[in-house]
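Right, one structure below, let's go through it.
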């Protein structure tokens, strides 16, 4: 028995089995020296030894977001209503749910030309990321500041940033849904496939290192992968490819169509319970714009026509109070009439100038507030054009010179004082050297009248006397 199987003093001998016994050259000293010099041991069987846990790698020098990006596919920039825009996360207190979306764009070579890829937007909590030193609301063309209701922008959390060597990106989920013209990268990405291929010992080691290194992190939301926006985007792409192969057009969402019954039902609602949209505009539901106490003074011509379907409405709605604020912030008074009780309200809304949407609000107010004063005056409906006071009558008489019947077209002509400018100019008496120089309208008129004699009768009632 070789000496390597003897137990050392105070140390129990490990039970190790080998498929093949090494030859005489494979001595303990050579194996020890070879391992010290970094050489690979000759015995390749390592099943008996426990694998060493992998040490977590240090964070990279750049700042990496906890969340996967939103990819912009449309022309509209990223915008969120007030109180929305922070990704849904676990382990983050609502006080710290505020941050910014950073716009990035890469380029690549295609056909010898530089092509820009779709812009990508990454979310960072306030105080983290590339612009971690900026105060909330600081203006930057590549940044959109967002914050949830109840968040305190003056308090910063300890979420930090992500180490991509230890953690995969979290797919973005928004309470209000992904904005139109964007899709969220997420499930089925490199991070998940990599983590599923790791063995249990490495996963447990990495999990322990996460808990000790990152502290309070957003965590992974427990959601069904089939409900992710990324899967919905893939389904949409597959449907589009299928339609291209079959030659059929993909089914598109029909615009909202309001039937007469729906419009009538909307009209039966109380005015403050109606909703104006493209099929039922502002004027139909709330009346004309004007200076009266019961007349609205907000909305330009486009906003009045489209109502809530106007692309600016979402930003304008951020200025409007919710139900609770309306009831408890307004100064209310009543006025009793025979058929109804009128509830009057008066109040004010504060729009902070340091809000990132302040400039957009002021622009919307400038375009829509009292815009009715610049509306063109309404033109009265025009009556149908009166028929021209001309009449034609065709008679047959015998031409004395030829002895044959000749068609005569009698044209009743207006008096010169009653003729319009166009009618007066139409009677051009200019003598042209060449007939082709005459205007085409007159040449066509002459051609039509070439088969009949033209007789002008001043008094239609005395046609017989004038012809004789």
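The backbone N, Cα and C atoms fix where each Cβ goes, and this holds for glycine too.
Swiss-Prot lists 1-64, 181-228, 373-399, 419-468 with the feature region 'Disordered'. The region 'RNA-binding' feature in Swiss-Prot is assigned to 48-193. If you look up Swiss-Prot, you'll see 106, 120, 162 marked as RNA binding site. Marked as compositional bias 'Low complexity' by Swiss-Prot: 190-223. Residues or ranges marked as domain 'CoV N CTD' in Swiss-Prot (evidence: sequence analysis): 259-376. According to Swiss-Prot, the feature region 'Dimerization' maps to 270-373, an assignment based on sequence analysis. As annotated by Swiss-Prot, compositional bias 'Acidic residues' applies to 419-436. According to Swiss-Prot, the feature phosphothreonine maps to 451, an assignment based on sequence analysis.
The C-beta environment of residue 106 (RNA binding site), restricted to residues of the same chain at least 6 apart in sequence and closer than 8 Å, consists of 116, 117, 120. Mean pLDDT for the domain 'CoV N CTD' (259-376) in this predicted model: 87. For residue 162 (RNA binding site), the count of additional Cβ atoms within 10 Å of its Cβ stands at 23 [all protein chains shown]. For residue 120 (RNA binding site), the number of other Cβ atoms no farther than 10 Å from its own Cβ, over all displayed protein chains, is 17. In the domain 'CoV N CTD' (259-376), the DSSP tally of helix, strand and coil residues is 53 helix, 16 strand, 49 coil.
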